[in-house]
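K.L.:
Could you have a look at this structure, given as C-alpha cells, before my questions?
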Amino acid sequence: MASVYIPVQNSEEEVRVALDQLPRDATDILDILKAEQAPLHLWLIIAREYFKQGKTEQFQQILEEGSSPEIDEYYADVKYERIAILNALGAYYTYLGKIDTYLGKIDPNQNKNFTSAIQYYNRASRIDPLEPSTWIGKGQLCVAKGEYQQAFNAFKIVLDDDPNNVPALLGQACVHFNKGENEDQYKKAQEYKNSLEFYKRALRAYPNGPPAVRLGIGFCRYRLGQYDRARQAFQRVLQLDPENVEALVALAVMDLQTNEAAGIRRGMEKMQKAFEIYPYCPMALNHLANHFFFTGQHFLVEQLTETALAVSNNPIMKAHSYYNLARSYHSKRDFEKAGRYYMASVNEISKPQDFVLPYYGLGQVQLKLRDFRSALSSFEKVLEVHPENCESLKAVGHIYSQLGQMDKAIETFRKAARIDPKDSQAFLELGELLISSDASAALDALKTAYNLIKKGGEDVPIELLNNIGVLYFEKGDFEVAEQTFKEALGEGIWLSILNGKIDTSKVDSTLYSVQYRDLSLFQQLEEDGITLELPWDKVTSLFNYARLLEQLHDSEKASLFYRLILFKGNWNYFAALRPDKKGQKLEATHLEKAKELYTKVLTEHHGNMYAANGAGIVLAEKGQFDVSKDIFTQVQEAAAGSIFVQMPDVWVNLAHIYFAQGHFALAVKMYQNCLRKFYYNTDTQILLYLSRTHYEAEQWQDCKKTLLRAIHLAPSNYTLRFDAGVAMQKFSASTLQKTKRTADEVRSTVTELKNAVRVFSQLSSASAYHSHGFDEKKIETHVEYCKHLLDAAKVHCEAAEREEQQNRQRLELARQVSLAEEARRKAEEQRKFQLERRKQEDELKQVMQQEEHFERIKEQWKTSSTNFGSKRKDRLRNEDEEGGGERKRRRGGGSRRRKKDKTRARYEEEEEADYMEDEREEPDEEDANNMVNDQDEEAEKAQDHLAAAGLEDSDVEDDMGEPSSAINRKRRAWSESDEEDEPSQRPLESSPAGYKENSGESDEEMRGKSGGNADVEEDDE
C-alpha cells in the first residue's frame, strides 16, 4: 500500500504515514499535520484515503480542519490546494444531499447538506472566481437539486474558457439527458441529441476515458431509437470492461425486447452473468423477476424482489421491486397482498411520470375489491401520464357505470373507441351501456364489436350474440334475430327440436302431472342416446330463442325449449361445481340462489342454526364480512346455550372472517379455542388454518411450531412438511433482511435454513417412492434458494459474531474501567477516613498530653508555693524569737532604735543571702522566664483545645488569669509576708525599684549606722 511522507520542520527527516494503516482517530494525524505545517495537498490525500476506506467522519474532520480560518490565514498564498479542499467538502455534502433527496427524506430546497455545499463552493469562489473545478462542483450540485438550467449555466462558464474540459462536457451531457427525461415528448429527442453531442466531444477530448462515457452514449442512442448504435456502444464498454454490470444489463434488456426466443435466451444469459458478477444489482434482480413472472415462476419472483428491496436505496428501483411483487400476488388472485404492494410501489414514487404502472395495477385491484372511488383516482393518475391509454379509459368508463354516472361512462367509452377504432371491447362496453337509452346506437356498437372480433379470428362471446339477437328481436327483425340466436347456441339438442327430429308422441299423455311428463320425455331421450347437454352460458340465449318462437307462433317448440331449461335447472349441480377459475356471473347466480334457499328455511324455522350458518357463509363469500360476523356470533351463542348441538364449523367460520379482515390475533384465538373445545388439539386441518394465520401475520416461528404439531399428528402428510419448510425459509429470509441482526438471530437463521434444506431434500427423495403432489423442480428451487440464503447467512453470521465480540470487549473494557474507578473512589474514601480518624486521634492525644502537662505545671506551682511559704514562715519565726531576746536586753529608747536598725540591716543581709541562694537553686531568671512563657503558651493552647472540645475548666481559667512567672510569685509571697510582719515598711517595698533605692543608700551612711549601733552595743555591754 502507498504511503505519504510528511516533512519535519527545520529538519531533513520525514514522518511516514501508511495509507492502509491510518488511525481510527484522525486527531493524531491532524496533530502531526498542524505541528509540522504540512503542505495542504497531503491533507487532501489523507482525507481522500479515509473516504475510500468508508471513514467519512475522519474525512470530514480533516477537510474541515484544513479549511478553518487559521489554516486559510497561514496558507494564504496556497490557493489551489485550499480550493481543492473546499471543493472536496462541497462535493461530499452534495453527495449526502443527493442521498437524502433520493430517499425522499427531505425536500431539496430545505436540504441542509445542499446549503453547506453551496457555502463551501462560495468560499472557493472568493479565493479564485475563475477556478473551473469550483464551477463544475456547482454544476453537479444543481444537477443533484434538479435545477438543470443553473447547472447548464455553470458548466457553460467552464466550457467558454476551455471547450475541451472533460468534466464540464460530461456534466453538460448529463444535464441534457435529464432534461430529456423530464421534457414533453416532442422536446425529448432534441435534448437526447444534445446530450449525445457532448458525450462525443468528451470522448474526442479524452479518448482514453473510462468506459462509463460510452455508457452515456449508449443510453442516448437507445433513447433516440438508434438501437443498433446503442448496442455497439454497450458492446464497446464490455470490450473495455468485461464485468461492467450496467452494460450487461442494458444489452440484456435490448435482447429481451426483441420478443424472440433466441433474443430472450441471450438476454437471460446476460442477466444471469450480471447477477453472477454482482448478485445485488437491483436492476438485474428486477429484470430477472420480470422474466420469471412471465414464465409463471412466482416463487422466484418473490425471492428476487425481496433481495432487490433489501439491497436497493433508490426509490425508482424499489418501486419496480414492489411492482413485481404485487404483480405476482395479483396473478395468484391474492388481491389484498397485491394491493398492499402496489400501494408500497406508489409510495416510493414522487410523481406518476416516474413510474406509472403501479397506479394501473392498484386501480385494477381496487376495482376488483369494489373500491370504485380509489380505483377511479388511480386510473386518473395513469391518464395524466398517458391520456390516450384505452385500457385506462375503459376502466374509468366501467367505474362511472358502477357509480351510476352513465353519461360520463358513455362519453369515456366513446373516447376510447375514437382513439382505438379496432378495440372491440370498447365497442362492446359502449353497446351494453346504450341498450337502455339508445337501442339503435347500441346495436351499431355491438355489431362493430362483432365484426372486429370476427376479423381478429377470435370466438364471438355468446353474451354479445345474445344481446344483438335481443336488439333485433325488439326491433322486429325476427329473421336476423333467429339467425343470431342460432349462432349463439351452436350445436345441441335444440337443433333436433327445431328440425322436428324429436318425437314427443311417445310420452304418455295420461300422466298425472306435467312435471312428471317433462321428466319422462327427457329421460327417454337420454335413453335413446341423445345428448341433453345445456351449458350454463347458453341458457339465456335458449330462453330468448323460445320467446322468439312464441312471437312467431311456434308454441310447441317454444314449450320444449322451456321444459328443457327447467329439466336442466339442477341448482345443486351448479352450486357444487366450483372450478379453480371461477366464473363471476355463475358464482353470483349460485350464491344468490343459495341465499334464497337459506332465507326460506329461516322463514319457516327461525331457530335453524345450520341455515343461519349457511346464510353467513353466503354473505362472507360476497364480501359482507361484518354482517356475516354478526350472524356467526349469534349462531355461536345459540349453540353454546344448547347441550344437544355442537357446531365447531361456526367457530371456524368466525375465525375465517377475522382472518379475511386482517384481525390475525382474534383469528388465532378463535382457532385455538375451537381446536381445544371440540377437537382436543388433534385436528390437523384446524392446525393448518392456524399456521396460515401465523404465516400471514409474519409470525414465522409460531407458524413453524404449529405445523410441527400437525406433522406429529399426521406424519404422512407431505403438505404439512412442505409448508414447514416454507415457513423456515421465510423466517430466515426475513431475518437476513433486517438492518440490524444479532449473532444469535443469525445463528438461529442458519439452523432454520439447514432444517429447511433437510425438509425439502426429504420431500425430493420421497418423490421416488410416493406421489406427494409437488413439482420436483419447485422443490429443487427451494433447496437451491435455501442454500443460497445459507451461504449469505454464514457471511452475516461471521460479521455478527465479530461485532458481538467487539461489543463484548467494549462492555468488558467499560466494566473494568468502571470497577477500577469504583475501587479508586473507595480507596480515596478510605484514605480520607483514615486521615480524618488519625487527625482526631492525634488531636485527642495532644489534648490529653497538654492536660497532663498542665496538671504537672499546676503541681509544680503548688509545690513551689508550699515550699517557699514554709521556708519563709520558719525564717520569720526565728527572727521573731531573736528580736524578742534583743528587745529584752534593750535599755532605753536610743538603744532600742539602734537595735532596730541593726536588726533591720541584718535582716536585709539575710534576705539578700536567701535571695542569692534561691537564685542558685532555681534556673537563671531569663531562662526561667522563657520556660514559663513557653509553658504559658502551651497551657493557653491546651485551654483553647479544651474549649473547642467542650472540656473547659473554670478553675484553670482563674489560675491562668494570674501572673505565671516564678519570680513574680516569689515576690508576691515575700511582699505578703512583709505586710504581715512589718506593715510600716510597705510603702518602701511596694516596688522593686523602691526597694533598690532604699537599699541603695550610701555605704558610708550604712557604715555609719552600723558603727553607731556597734558602739551602742559595746556601751551596753
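Residue numbers in this text run from 1 along the chain shown.
Using N, Cα and C of the backbone, Cβ positions are placed for all residues, glycine too.
All TrEMBL annotations are machine predictions without curation.
Grabbed the feature section from TrEMBL, which reads as follows:
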REPEAT    132-165  repeat 'TPR'
REPEAT    211-244  repeat 'TPR'
REPEAT    356-389  repeat 'TPR'
REPEAT    390-423  repeat 'TPR'
REGION    856-1021  region 'Disordered'
COMPBIAS  887-903  compositional bias 'Basic residues'
COMPBIAS  908-939  compositional bias 'Acidic residues'
COMPBIAS  952-961  compositional bias 'Acidic residues'
K.L.:
For the repeat 'TPR' (211-244), what are the same-chain contacts with Cβ under 8 Å, counting residues 6+ beyond its ends?
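P.N.:
That would be 170, 173-174, 177, 180, 188-189, 192-193, 195-196, 199-200, 202-203, 250-251, 254, 277.
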K.L.:
Sort out the residues at least 6 away from either end of the repeat 'TPR' (390-423), same chain, that have Cβ-Cβ distances under 8 Å to it, and list them.
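P.N.:
Same-chain contacts beyond the ends: 360, 363-364, 367, 370, 372, 375-376, 379-380, 382-383, 429-430, 433-434, 437, 445, 452.
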K.L.:
Taking DSSP states H, G and I as helix and E and B as strand, how many residues of the repeat 'TPR' (356-389) are helix, strand and coil?
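P.N.:
Its residues divide into 26 helix, 0 strand, 8 coil.
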K.L.:
Give the residue counts of the repeat 'TPR' (132-165) per reduced DSSP state, in the order helix, strand, coil.
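P.N.:
Across the repeat 'TPR' (132-165), the residues distribute as 28 helix, 0 strand, 6 coil.
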